[in-house]
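Structure, as C-alpha coordinates:
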Amino acid sequence: MATAGKVIKCKAAVAWEAAKPLVIEEVEVAPPQAMEVRVKILFTSLCHTDVYFWEAKGQTPVFPRIFGHEAGGIVESVGEGVTDLAPGDHVLPVFTGECKECAHCKSAESNMCDLLRINTDRGVMIGDGKSRFSINGKPIYHFVGTSTFSEYTVMHVGCVAKINPAAPLDKVCVLSCGISTGLGATINVAKPPKGSTVAIFGLGAVGLAAAEGARIAGASRIIGIDLNANRFEEARKFGCTEFVNPKDHDKPVQQVLAEMTNGGVDRSVECTGNINAMIQAFECVHDGWGVAVLVGVPHKDAEFKTHPMNFLNERTLKGTFFGNYKPRTDLPNVVELYMKKELEVEKFITHSVPFSEINTAFDLMHKGEGIRCIIRMEN
(Lines of atoms letter the chains of each structure in order from A; the text may use other names.)
(Lines give C-alpha, C1' and ligand atoms only; values in the text may rest on other atoms or scores of the structure.)
Protein backbone atom coordinates (compact mmCIF):
# COMPACT_ATOMS: atom_id res chain seq x y z
CA MET A 1 0.00 0.00 0.00
CA ALA A 2 1.11 3.58 -0.67
CA THR A 3 1.30 4.31 3.06
CA ALA A 4 3.78 1.48 3.81
CA GLY A 5 6.92 2.69 5.58
CA LYS A 6 5.40 6.11 6.26
CA VAL A 7 3.86 7.74 9.31
CA ILE A 8 0.05 7.69 9.07
CA LYS A 9 -2.07 10.49 10.51
CA CYS A 10 -5.47 9.27 11.65
CA LYS A 11 -8.15 9.62 14.31
CA ALA A 12 -7.88 7.87 17.67
CA ALA A 13 -9.90 8.03 20.87
CA VAL A 14 -7.37 9.15 23.50
CA ALA A 15 -7.85 8.68 27.23
CA TRP A 16 -5.93 11.65 28.64
CA GLU A 17 -6.70 10.78 32.25
CA ALA A 18 -8.53 8.20 34.31
CA ALA A 19 -12.33 7.98 34.05
CA LYS A 20 -12.59 11.12 31.86
CA PRO A 21 -14.42 10.88 28.51
CA LEU A 22 -12.22 9.81 25.59
CA VAL A 23 -11.27 12.57 23.14
CA ILE A 24 -11.09 11.98 19.37
CA GLU A 25 -7.66 13.34 18.40
CA GLU A 26 -5.44 13.28 15.32
CA VAL A 27 -2.53 10.98 16.13
CA GLU A 28 0.57 9.94 14.23
CA VAL A 29 1.05 6.19 13.87
CA ALA A 30 4.63 5.13 13.10
CA PRO A 31 5.37 2.31 10.64
CA PRO A 32 5.72 -1.23 12.04
CA GLN A 33 9.21 -2.29 13.13
CA ALA A 34 10.62 -5.84 12.98
CA MET A 35 7.98 -8.51 13.75
CA GLU A 36 5.24 -5.87 13.90
CA VAL A 37 2.11 -5.28 11.83
CA ARG A 38 0.16 -2.08 11.16
CA VAL A 39 -3.57 -2.71 10.90
CA LYS A 40 -6.46 -0.55 9.68
CA ILE A 41 -9.21 -1.09 12.26
CA LEU A 42 -12.72 -1.25 10.77
CA PHE A 43 -14.79 -2.31 13.77
CA THR A 44 -14.01 -2.47 17.47
CA SER A 45 -16.09 -3.22 20.56
CA LEU A 46 -15.90 -2.27 24.20
CA CYS A 47 -15.01 -4.89 26.80
CA HIS A 48 -15.26 -4.52 30.58
CA THR A 49 -11.45 -4.80 30.79
CA ASP A 50 -11.08 -1.52 28.86
CA VAL A 51 -13.40 0.22 31.32
CA TYR A 52 -11.63 -1.29 34.34
CA PHE A 53 -8.22 0.08 33.31
CA TRP A 54 -9.67 3.36 32.01
CA GLU A 55 -11.05 3.85 35.52
CA ALA A 56 -7.48 3.17 36.78
CA LYS A 57 -8.58 0.22 38.91
CA GLY A 58 -5.77 -1.90 37.48
CA GLN A 59 -2.22 -2.25 38.78
CA THR A 60 -0.36 0.71 37.28
CA PRO A 61 -2.38 3.46 35.58
CA VAL A 62 -0.71 4.60 32.34
CA PHE A 63 -1.96 7.77 30.59
CA PRO A 64 -2.41 9.22 28.00
CA ARG A 65 -3.46 5.95 26.44
CA ILE A 66 -5.40 4.43 23.55
CA PHE A 67 -7.59 1.61 24.85
CA GLY A 68 -9.43 -1.11 22.92
CA HIS A 69 -8.64 -4.77 22.30
CA GLU A 70 -11.71 -6.40 20.69
CA ALA A 71 -11.65 -5.58 16.99
CA GLY A 72 -11.49 -6.59 13.37
CA GLY A 73 -9.34 -5.03 10.68
CA ILE A 74 -7.18 -5.34 7.59
CA VAL A 75 -3.37 -5.45 7.48
CA GLU A 76 -2.00 -2.19 6.01
CA SER A 77 1.73 -3.03 6.15
CA VAL A 78 4.15 -5.42 7.85
CA GLY A 79 7.57 -4.98 9.42
CA GLU A 80 10.77 -6.88 8.76
CA GLY A 81 10.63 -10.61 9.48
CA VAL A 82 6.85 -10.95 9.18
CA THR A 83 6.17 -13.85 6.82
CA ASP A 84 2.70 -15.19 7.66
CA LEU A 85 0.78 -11.92 7.18
CA ALA A 86 0.55 -9.61 4.18
CA PRO A 87 -1.20 -6.32 3.36
CA GLY A 88 -4.90 -6.96 2.74
CA ASP A 89 -5.22 -9.89 5.15
CA HIS A 90 -8.29 -9.82 7.40
CA VAL A 91 -7.32 -10.12 11.05
CA LEU A 92 -8.48 -10.07 14.66
CA PRO A 93 -6.13 -8.41 17.18
CA VAL A 94 -5.70 -10.35 20.44
CA PHE A 95 -4.73 -8.99 23.88
CA THR A 96 -2.51 -12.02 24.46
CA GLY A 97 -0.17 -13.54 21.93
CA GLU A 98 1.35 -16.64 20.45
CA CYS A 99 5.04 -16.32 19.53
CA LYS A 100 5.13 -20.00 18.44
CA GLU A 101 8.66 -20.33 19.87
CA CYS A 102 8.43 -20.51 23.69
CA ALA A 103 7.73 -23.60 25.85
CA HIS A 104 4.09 -22.59 26.29
CA CYS A 105 3.51 -22.11 22.56
CA LYS A 106 5.17 -25.44 21.78
CA SER A 107 3.03 -27.22 24.38
CA ALA A 108 -0.30 -28.61 23.19
CA GLU A 109 -1.65 -27.99 26.70
CA SER A 110 -0.98 -24.26 27.14
CA ASN A 111 -1.87 -20.96 25.49
CA MET A 112 0.10 -18.74 27.88
CA CYS A 113 2.91 -17.41 25.67
CA ASP A 114 6.04 -16.37 27.61
CA LEU A 115 6.82 -13.49 25.25
CA LEU A 116 3.37 -12.04 24.62
CA ARG A 117 1.26 -12.95 27.64
CA ILE A 118 -1.10 -10.10 28.58
CA ASN A 119 0.67 -7.19 30.28
CA THR A 120 -1.66 -4.38 31.34
CA ASP A 121 1.15 -2.23 32.75
CA ARG A 122 3.19 -1.98 29.55
CA GLY A 123 2.31 0.95 27.30
CA VAL A 124 5.05 0.44 24.70
CA MET A 125 6.11 -2.11 22.07
CA ILE A 126 8.30 -4.96 23.31
CA GLY A 127 10.76 -4.63 20.40
CA ASP A 128 12.27 -1.25 21.30
CA GLY A 129 10.34 -0.08 24.37
CA LYS A 130 8.74 2.80 22.45
CA SER A 131 5.18 3.74 21.52
CA ARG A 132 4.08 3.83 17.88
CA PHE A 133 1.49 6.54 18.69
CA SER A 134 2.27 10.22 19.17
CA ILE A 135 0.70 13.68 19.17
CA ASN A 136 3.07 16.59 18.47
CA GLY A 137 6.03 14.32 19.15
CA LYS A 138 4.78 13.23 22.59
CA PRO A 139 4.02 9.53 23.09
CA ILE A 140 0.48 8.21 23.54
CA TYR A 141 0.67 4.79 25.20
CA HIS A 142 -0.55 1.40 24.01
CA PHE A 143 -2.94 -0.93 25.88
CA VAL A 144 -2.43 -4.73 26.05
CA GLY A 145 -0.50 -4.62 22.78
CA THR A 146 -3.58 -3.82 20.68
CA SER A 147 -5.00 -0.26 21.13
CA THR A 148 -7.90 -0.70 18.74
CA PHE A 149 -9.65 2.62 19.51
CA SER A 150 -7.64 4.08 16.62
CA GLU A 151 -8.17 4.00 12.86
CA TYR A 152 -4.69 2.46 12.59
CA THR A 153 -2.72 0.55 15.20
CA VAL A 154 0.59 -1.31 15.41
CA MET A 155 0.86 -4.75 17.02
CA HIS A 156 3.37 -7.55 17.43
CA VAL A 157 2.71 -10.18 14.76
CA GLY A 158 2.08 -12.73 17.52
CA CYS A 159 -1.00 -10.78 18.66
CA VAL A 160 -2.71 -10.87 15.27
CA ALA A 161 -4.90 -13.77 14.09
CA LYS A 162 -5.45 -14.13 10.34
CA ILE A 163 -9.04 -15.13 9.58
CA ASN A 164 -11.32 -16.09 6.69
CA PRO A 165 -11.73 -12.92 4.55
CA ALA A 166 -15.40 -13.85 3.96
CA ALA A 167 -16.19 -13.47 7.68
CA PRO A 168 -18.01 -10.17 8.41
CA LEU A 169 -15.65 -8.12 10.58
CA ASP A 170 -18.55 -6.20 12.14
CA LYS A 171 -19.71 -9.51 13.68
CA VAL A 172 -16.60 -11.61 14.33
CA CYS A 173 -14.69 -8.71 15.91
CA VAL A 174 -16.35 -9.66 19.23
CA LEU A 175 -14.59 -13.05 19.12
CA SER A 176 -11.17 -11.56 19.89
CA CYS A 177 -11.69 -11.48 23.69
CA GLY A 178 -14.69 -12.08 25.95
CA ILE A 179 -16.89 -14.31 23.80
CA SER A 180 -14.04 -16.72 23.01
CA THR A 181 -13.00 -16.69 26.68
CA GLY A 182 -16.42 -17.90 27.85
CA LEU A 183 -17.00 -20.25 24.93
CA GLY A 184 -13.62 -21.94 25.33
CA ALA A 185 -13.95 -22.20 29.12
CA THR A 186 -16.89 -24.54 28.55
CA ILE A 187 -15.96 -26.32 25.32
CA ASN A 188 -12.19 -26.70 25.87
CA VAL A 189 -11.85 -26.85 29.65
CA ALA A 190 -15.11 -27.93 31.34
CA LYS A 191 -15.91 -30.29 28.43
CA PRO A 192 -19.48 -31.12 29.49
CA PRO A 193 -20.71 -34.51 28.22
CA LYS A 194 -23.87 -34.53 26.09
CA GLY A 195 -26.94 -34.49 28.32
CA SER A 196 -25.07 -33.11 31.34
CA THR A 197 -26.04 -30.32 33.75
CA VAL A 198 -23.95 -27.13 33.72
CA ALA A 199 -24.10 -24.16 36.12
CA ILE A 200 -22.98 -20.75 34.86
CA PHE A 201 -22.11 -18.16 37.52
CA GLY A 202 -22.53 -14.60 36.18
CA LEU A 203 -24.59 -13.80 33.08
CA GLY A 204 -22.56 -10.96 31.57
CA ALA A 205 -21.00 -11.34 28.10
CA VAL A 206 -18.47 -13.99 29.20
CA GLY A 207 -21.06 -15.99 31.16
CA LEU A 208 -23.51 -15.93 28.24
CA ALA A 209 -20.70 -17.15 25.98
CA ALA A 210 -20.01 -19.96 28.47
CA ALA A 211 -23.72 -20.86 28.32
CA GLU A 212 -23.54 -20.81 24.52
CA GLY A 213 -20.61 -23.23 24.78
CA ALA A 214 -22.67 -25.55 26.99
CA ARG A 215 -25.52 -25.37 24.45
CA ILE A 216 -23.15 -26.25 21.58
CA ALA A 217 -21.73 -29.15 23.65
CA GLY A 218 -25.23 -30.57 24.10
CA ALA A 219 -25.82 -30.00 27.82
CA SER A 220 -29.46 -30.75 28.71
CA ARG A 221 -29.73 -28.39 31.72
CA ILE A 222 -27.93 -25.05 31.84
CA ILE A 223 -28.52 -23.22 35.11
CA GLY A 224 -27.73 -19.50 35.15
CA ILE A 225 -26.82 -17.92 38.50
CA ASP A 226 -26.92 -14.12 38.84
CA LEU A 227 -27.93 -11.48 41.38
CA ASN A 228 -29.63 -9.50 38.59
CA ALA A 229 -32.90 -11.21 37.60
CA ASN A 230 -33.23 -8.79 34.65
CA ARG A 231 -30.59 -10.87 32.86
CA PHE A 232 -32.54 -14.13 32.97
CA GLU A 233 -34.85 -13.70 29.97
CA GLU A 234 -31.96 -12.68 27.67
CA ALA A 235 -29.92 -15.67 28.88
CA ARG A 236 -32.53 -18.10 27.54
CA LYS A 237 -31.36 -17.15 24.02
CA PHE A 238 -27.93 -18.55 24.94
CA GLY A 239 -29.24 -21.91 26.12
CA CYS A 240 -29.97 -21.30 29.81
CA THR A 241 -32.90 -23.50 30.86
CA GLU A 242 -33.37 -22.36 34.48
CA PHE A 243 -32.10 -19.74 36.89
CA VAL A 244 -31.07 -19.14 40.49
CA ASN A 245 -30.91 -15.71 42.11
CA PRO A 246 -28.95 -16.15 45.39
CA LYS A 247 -30.99 -13.29 46.88
CA ASP A 248 -34.13 -15.47 46.68
CA HIS A 249 -32.70 -18.13 49.01
CA ASP A 250 -31.76 -18.27 52.67
CA LYS A 251 -29.25 -21.09 52.17
CA PRO A 252 -25.93 -21.26 50.30
CA VAL A 253 -26.15 -21.45 46.51
CA GLN A 254 -24.19 -24.70 46.44
CA GLN A 255 -26.90 -26.28 48.62
CA VAL A 256 -29.69 -24.91 46.39
CA LEU A 257 -27.98 -26.37 43.32
CA ALA A 258 -27.34 -29.74 45.00
CA GLU A 259 -31.05 -30.01 45.81
CA MET A 260 -32.02 -29.08 42.24
CA THR A 261 -29.65 -31.61 40.65
CA ASN A 262 -29.64 -34.70 42.86
CA GLY A 263 -26.31 -33.99 44.55
CA GLY A 264 -24.60 -31.40 42.36
CA VAL A 265 -24.04 -30.23 38.80
CA ASP A 266 -21.73 -32.06 36.39
CA ARG A 267 -19.86 -28.90 35.39
CA SER A 268 -19.73 -25.28 36.54
CA VAL A 269 -18.16 -22.20 34.98
CA GLU A 270 -17.51 -19.12 37.16
CA CYS A 271 -17.47 -15.84 35.23
CA THR A 272 -17.74 -13.09 37.88
CA GLY A 273 -14.40 -13.07 39.70
CA ASN A 274 -16.25 -12.77 43.01
CA ILE A 275 -14.34 -14.99 45.44
CA ASN A 276 -17.51 -16.29 47.13
CA ALA A 277 -18.99 -17.21 43.76
CA MET A 278 -15.73 -19.02 42.91
CA ILE A 279 -15.98 -21.13 46.06
CA GLN A 280 -19.68 -21.80 45.42
CA ALA A 281 -18.94 -22.83 41.82
CA PHE A 282 -16.46 -25.42 43.08
CA GLU A 283 -18.54 -26.72 45.96
CA CYS A 284 -21.69 -27.10 43.82
CA VAL A 285 -20.23 -29.73 41.47
CA HIS A 286 -21.07 -33.41 42.03
CA ASP A 287 -18.55 -35.55 43.87
CA GLY A 288 -16.92 -38.30 41.81
CA TRP A 289 -16.91 -36.46 38.48
CA GLY A 290 -17.77 -32.79 38.87
CA VAL A 291 -15.50 -30.18 37.26
CA ALA A 292 -15.50 -26.46 38.11
CA VAL A 293 -13.77 -23.93 35.84
CA LEU A 294 -12.75 -20.46 37.04
CA VAL A 295 -12.76 -17.68 34.43
CA GLY A 296 -13.42 -14.45 36.37
CA VAL A 297 -10.45 -12.47 37.70
CA PRO A 298 -10.58 -12.07 41.50
CA HIS A 299 -9.53 -9.13 43.67
CA LYS A 300 -5.75 -9.18 44.19
CA ASP A 301 -6.11 -9.90 47.93
CA ALA A 302 -8.80 -12.60 47.58
CA GLU A 303 -8.18 -16.04 49.09
CA PHE A 304 -9.87 -19.24 47.95
CA LYS A 305 -10.90 -21.36 50.94
CA THR A 306 -12.57 -24.77 50.82
CA HIS A 307 -12.25 -28.02 52.75
CA PRO A 308 -9.67 -30.45 51.29
CA MET A 309 -12.29 -33.23 51.41
CA ASN A 310 -14.00 -31.48 48.50
CA PHE A 311 -10.97 -32.47 46.39
CA LEU A 312 -10.51 -35.90 47.95
CA ASN A 313 -14.12 -36.69 47.05
CA GLU A 314 -13.08 -36.37 43.41
CA ARG A 315 -14.16 -32.90 42.46
CA THR A 316 -11.86 -31.09 40.03
CA LEU A 317 -11.04 -27.37 40.02
CA LYS A 318 -9.51 -25.79 36.91
CA GLY A 319 -8.61 -22.30 35.79
CA THR A 320 -8.54 -20.97 32.26
CA PHE A 321 -7.14 -18.02 30.35
CA PHE A 322 -8.74 -16.92 27.06
CA GLY A 323 -10.69 -20.18 26.95
CA ASN A 324 -7.48 -22.17 26.37
CA TYR A 325 -7.41 -20.93 22.77
CA LYS A 326 -4.02 -20.26 21.19
CA PRO A 327 -4.70 -16.90 19.48
CA ARG A 328 -3.14 -17.41 16.06
CA THR A 329 -3.71 -21.16 15.81
CA ASP A 330 -7.23 -21.49 17.23
CA LEU A 331 -9.08 -18.19 16.71
CA PRO A 332 -9.51 -18.78 12.95
CA ASN A 333 -11.36 -22.01 13.88
CA VAL A 334 -13.68 -20.13 16.26
CA VAL A 335 -14.52 -17.79 13.36
CA GLU A 336 -15.32 -20.89 11.27
CA LEU A 337 -17.78 -22.04 13.97
CA TYR A 338 -19.64 -18.81 13.24
CA MET A 339 -19.34 -19.24 9.47
CA LYS A 340 -20.86 -22.76 9.80
CA LYS A 341 -23.73 -21.26 11.83
CA GLU A 342 -22.86 -23.35 14.90
CA LEU A 343 -22.01 -20.25 16.95
CA GLU A 344 -24.52 -17.40 16.90
CA VAL A 345 -22.47 -14.22 17.35
CA GLU A 346 -25.31 -11.81 16.47
CA LYS A 347 -27.01 -12.52 19.82
CA PHE A 348 -24.12 -10.84 21.64
CA ILE A 349 -24.29 -7.60 19.62
CA THR A 350 -26.96 -5.34 21.10
CA HIS A 351 -25.76 -1.84 20.13
CA SER A 352 -23.75 -0.06 17.44
CA VAL A 353 -22.33 3.48 17.40
CA PRO A 354 -20.07 5.52 15.09
CA PHE A 355 -16.50 6.15 16.30
CA SER A 356 -17.37 9.78 17.05
CA GLU A 357 -19.80 8.53 19.72
CA ILE A 358 -17.45 6.04 21.40
CA ASN A 359 -18.23 7.47 24.85
CA THR A 360 -21.82 6.24 24.43
CA ALA A 361 -20.46 2.68 24.53
CA PHE A 362 -18.89 3.45 27.92
CA ASP A 363 -22.21 4.88 29.15
CA LEU A 364 -24.08 1.74 28.07
CA MET A 365 -21.63 -0.49 29.90
CA HIS A 366 -21.84 1.60 33.07
CA LYS A 367 -25.64 1.28 33.00
CA GLY A 368 -25.36 -2.46 32.40
CA GLU A 369 -27.35 -2.12 29.18
CA GLY A 370 -26.81 -4.62 26.39
CA ILE A 371 -23.99 -7.11 25.92
CA ARG A 372 -21.63 -5.84 23.23
CA CYS A 373 -21.59 -2.46 21.48
CA ILE A 374 -19.90 -2.33 18.06
CA ILE A 375 -17.98 0.87 17.32
CA ARG A 376 -17.85 1.62 13.59
CA MET A 377 -14.58 3.32 12.63
CA GLU A 378 -15.98 4.58 9.31
CA ASN A 379 -19.41 6.22 9.39
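The backbone N, Cα and C atoms fix where each Cβ goes, and this holds for glycine too.
Swiss-Prot names Cys47, Thr49, His69 for binding Zn(2+) 1. Of Cys173, Cys177, Cys240, Cys271, the residue it gives for the same site is Cys177.
Taking the C-alpha positions, the distance from Cys105 (Zn(2+) 2 binding site) to Val297 (NAD(+) binding site) comes to 23 Å. Within the group of binding-site residues (Cys47, Val295), the Cβ with the highest number of other Cβ atoms inside 10 Å belongs to Val295.
Just so you know, of the binding-site residues His69, Arg231, the Cβ with the fewest other Cβ atoms around it within 10 Å is the one at Arg231. Fewest Cβ neighbours within 10 Å among the binding-site residues Thr49, Cys102, Cys105, Val297: this applies to Val297. Around the Cβ of Ala205 (NAD(+) binding site), 25 further Cβ atoms fall within 10 Å across all displayed protein chains. Ranking the binding-site residues Cys99, Cys177, Leu203 by C-beta neighbours within 10 Å puts Cys177 at the top.
Comparing C-alpha positions, Cys113 (Zn(2+) 2 binding site) sits nearest to Gly207 among the binding-site residues Leu203, Gly207, Arg231, Arg372.
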